[in-house]
Structures are given as structure tokens and as C-alpha cells.
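Q: Taken from Swiss-Prot, the feature active site, proton acceptor applies to LYS37, TYR265. What Swiss-Prot records for ARG136, MET313 is substrate binding site, and it gives sequence analysis as the kind of evidence. What Swiss-Prot records for LYS37 is N6-(pyridoxal phosphate)lysine, and it gives sequence analysis as the kind of evidence.
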Amino acid sequence: MIRQRAWVEIDQAALVHNVRQFRQYVGPKTNLMAVVKADAYGHGAVRVAQTALQAGADWLAIATLGEGIELREAGITAPILLLGGINSPEEIEAIAHWRLQPTLCSPEQAQLFNDILLKLGKVLPVHLKLDTGMTRLGTPWPQAANFVGLVQSLPQLRLASLYSHLATADDPNTATMLQQQERFAKAIASLRQARLPIPKLHLANSAATLHGQAWHYDMVRVGLGLYGLYPAPHLGDCLDLKPVLTVRAKITQIRTIPPGTGVSYGHQFVSEETMPMAVVGIGYADGVPRNLSNQLEVLLRGQPVRQIGAITMDQMMVDLRGIDDPQVGEVVTLIGQDGDRQITADHWASTLGTISWEILCGFKHRLPRILI
């Protein structure tokens, strides 16, 4: 593949390492679900899914119907959980056709699925979601027994799992997380009291998985951790994870500008002395947030260089003072390792007051993904 002005490198060995770290950590009795929604957090869903399954993942999770179809069209046969809400007959028919396993969040949705599947003459495994405190998708946890009982009575549905999602698993204060676990336990107890079957249970995302075995149940759903990032600093010692994604771009022009020269839109940066600068072929249309303008450092020859002026749609400028004889075509590292130095998505997220998930998902498809 031609290395264009900018690209994303995906370290397959690092991904395999991370999957195996989680596989060993949760043990053989707990299923490992690789969360590959949002194009595997910007890493490329098909390749990541294939690699994760080969390395020891048991299940895949996606958020939309289209994401699931993409995996099936690539020949992936592993079980796929669709996390998002589905409520149209056309989508239900497609789910059945592509052998995806949907999340059901309400009795009304369960009835709709059963009605459509009855017309199709198909039976489908389904996963019931309880709201234990996220206040997003799901049936309120006190109604768990009624919900499970209804699904058990619907002939076209096969109960595959019961799960919930944690709102604060990455917070050092675990009070809310523990409250959600207690509610999940009470919901399970209500099934036993009603003499209903207990299906596969899962509660943990990456952060909760790293909290230990008490959170693992029958399966864990690991997203961010697979890609080598920790959900929170206090969880950084739990496993040895390696970042999978690197973002690089080429220098497309080098210039020397005199004192008093404004750089880029709005002249947010004005040179105080004669200085060398470079234009780098990557911008906010590629996923470099414009709000990082004049706050970003990138790596050139393993040395940090400062980004200057407003980041534009397709390009940005960097200060080359301190770099000896720079050349057009040299490669700049925006995220990743160069020599002894490393820049992570966490660095960008901290500067912007956001989360690393958003940074990773922001890298657009016009940046080719190169497997290394």
C-alpha cells in the first residue's frame, strides 16, 4: 500500500498480546467478548475482529445493524451481540438473516421481535438488558422477572443472556458501581425466586473487568482495553497492555518565515523570530481535533515539536526549531511511539477535557489503516 500524506498503523502483535492478557486474566470459564463497534474504536472492525477471535476471544459486540452485516460479509461466523436498540420490522428481518443476536430492552420490543420472527418462521437468540443505573437502554431492574418470564413465553425467542451496563466503572469511587452490582444480584435472585432459568450473565466492561473476578460472571465485554488503553489511571497496573494504534503523517513543505509572520487561519500564532516551519499533511477532517491548535506536540525523529497556528481541514503546521536539516517527506508521529518517546490518545484527551474513546473513534476513513 502506498503510504499517503497520512495514515493509521495497526499493530497486530499488540492486539494479540492484549487479547491474550485478558484471556488469561478472566480464565477459561469466562467468555471474552471483543467489542468492535464504531469500526473497532477506529482500528478497523473486520481485521480486529478476525485477529481477536484467533487470539482467544469468544464473542463479538457491535452497536449497529450495519456493523454486524460488515462482519458477516467478511466471513466471520462467531456469535455477534448487537448492543443497540432495534425497533423496525425491516431491521429485525435483517438481524435474523445475518444471524446476529439482538439486545431486547423492553417487553414491547420483545413482542415485536416475536411477531416478526413468527411470520418469518425463525427462532432467534436474544439478550435482555436491564437498567441498573446507567439510565439508557434497558428494562428497570425490578422488572427483571416479569421481562424474563415474558420472553420465555414467546416461542420465537431463545433467552441467551441477561446483562447490564455500568455507569461509573472507571471512577475510583466505587459506590455507584457497587450499587449497580447489588441491583443486578437482586434481579438474578428474583429470577430464582420465580423459578425462571438463569441465562448467561454479564456486567463488566473493560474497567469492571480489571476490578477482578467478582465482576466477571459468565462473560466480560472488553473494548478499550483490547486496544491497549486503560479506562482510568488507577487501573493501569492490572495488566500489561500495549497501544495498538499509531497515527503518522508526512511533511509536505518546509519554509523559513521571518519575524512577525502570522500562521494559518486567524493568525493565532505569530513568529517572534526567523524560524523554520513545516506543513504536515493531516488535519481536522482526518480526526485531529481543531481545539488542539497551539496545544499539540508531535514527534519528529523522536523529538517533540510544537504544532503552531490553527489546525486546518487537511493540514497543520509545526515549529522546526531544534531540528537539524529537516526534509520534505519525513514522517511525523501524532499518536504512537517514535524512539524513546510516546504520545497516547490519553494525552490528547487530557488536553481537551474528554476521553480517549472519543479520540480513537475520531480518526476518519480517509486515513488508510495499515497492518504492521
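Think of each number as a place in line: the chain as shown, counted from 1.
For all residues, glycine too, the Cβ spot is worked out from N, Cα and C.
Each of the listed features needs to be described in terms of its position in the shown structure.
A: In the three-state DSSP scheme, LYS37 (active site, proton acceptor) is classed as helix. A 10 Å cutoff on Cβ-Cβ distances gives LYS37 (active site, proton acceptor) a total of 19 other Cβ atoms nearby, all chains included.
Around the Cβ of TYR265 (active site, proton acceptor), the same chain contributes GLY309, ALA310, THR312, each under 8 angstroms and 6 or more positions distant in sequence.
Packing around MET313 (substrate binding site) is summarised by its Cβ count: 11 other Cβ atoms lie within 10 angstroms of its Cβ, all protein chains included. When secondary structure is read from DSSP and collapsed to three states, MET313 (substrate binding site) falls in the coil class.
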Q: Once the DSSP letters are reduced so that anything not helix or strand counts as coil, what is ARG136 (substrate binding site)?
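A: Coil, per DSSP.
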Q: Are there residues of the same chain, six or more positions away from ARG136 (substrate binding site), whose CB falls under 8 angstroms from its CB, and which are they?
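A: The list for ARG136 (substrate binding site) reads HIS165, given in order along the sequence.
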Q: Please report the Cα separation of MET313 (substrate binding site) and LYS37 (active site, proton acceptor) in Å, rounded to an integer.
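A: Here the two Cα atoms are 26 Å apart.
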